[in-house]
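Trainee: One structure, pasted below without further comment.
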Amino acid sequence: MTFIEKLSAAWSANNSLLCVGLDPDVARFPLHLQGQPDAIFTFCKEIIDATAATACAFKPQIAYFSAIRAEDQLEAICDYLRKNYPQIPIVMDAKRGDIGATAEQYAREAFERYGADAVTVSPYMGFDSVAPYLEWKDRGAIVLCRTSNAGGSDLQFLTVDGVPLYQHVARLVADKWNTNGQCALVVGATFPQELAQVRSIIGEMPLLVPGIGAQGGDIQATVNAGKTANGTGMMINSSRAILYAKPDQAAGEDYAQAARRVAEETRDAINRFRI
Ligand SMILES: O=C(O)c1cc(=O)[nH]c(=O)n1[C@@H]1O[C@H](COP(=O)(O)O)[C@@H](O)[C@H]1O
């Protein structure tokens, strides 16, 4: 099964466009996990178990692991996901971009070492820097297009041949790079107008849409701008708002239960605008 087929099946099976981001920041962990040698694995496992029924994808952010020499725990989390939730795609958020020979190694890292279904990549170095990921025909390459941060405008909004650069990226990926139907694009929920522009350029290609939750993107505007004709087409990511949801003490919640509650609320808020 290819990445896109797996994603489509997860959209239907879980009736969800929510991508749960795994950005484990040990400083924000519950006290009982702090200082434990496998704290990251335990934290992520409990979040995964609590939210898997609400998710169409999980997106580990590699820097949160590599910064503290915890790649072994990322491997263990990816193994756990593949064994226990094989129907939910793993999107490795690494935002890679380098010459072809180096990209081949980054592709092996994402797809072989971690067994990810897709990886985020930068288009900045051009087609030969993305081609090595596309050699993995059953995996996905998710190309940065219009990122959610304010500084994304510094380059992505520059006018080139009368058109903003991010629209060139959308057209290039849709028309030239996506020969095997394995590409997707990143467009931030913080820019719904640009999201609608990108959707009009790329047809049904999936979008990874970060920026709801902690970054304040509007869910209604996001879904209206980015959905496809059948009410799918997006992995709408939320990380911190789910991972560090405040437990409702009165209801006796722990952090994983709070994460489940917020994930369910977010999935439902998205679903309200899909039809
Ligand atoms: O590629 C990404 O995932 C990404 C692209 C982008 O434009 N903006 C963005 O926030 N992200 C990632 O999406 C996640 C957003 O996290 P929250 O703001 O906590 O929901 C982080 O892991 C970011 O690295």
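Positions of Cβ are set from backbone N, Cα and C atoms, glycine also.
Unlike curated entries, TrEMBL annotations are predicted automatically.
Sharing the record's features from TrEMBL:
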ACT_SITE  K95  active site, proton donor
DOMAIN    17-255  domain 'Orotidine 5'-phosphate decarboxylase'
Trainee: Average pLDDT across the domain 'Orotidine 5'-phosphate decarboxylase' (17-255)?
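Mentor: Here the mean pLDDT over the domain 'Orotidine 5'-phosphate decarboxylase' (17-255) amounts to 98.
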Trainee: Taking 10 A as the limit, how many CB atoms besides its own sit near the CB of K95 (active site, proton donor)?
Mentor: 16
Trainee: Indicate whether K95 (active site, proton donor) is helix, strand or coil by DSSP.
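Mentor: For K95 (active site, proton donor) - judged by DSSP and reduced to three states - the answer is strand.
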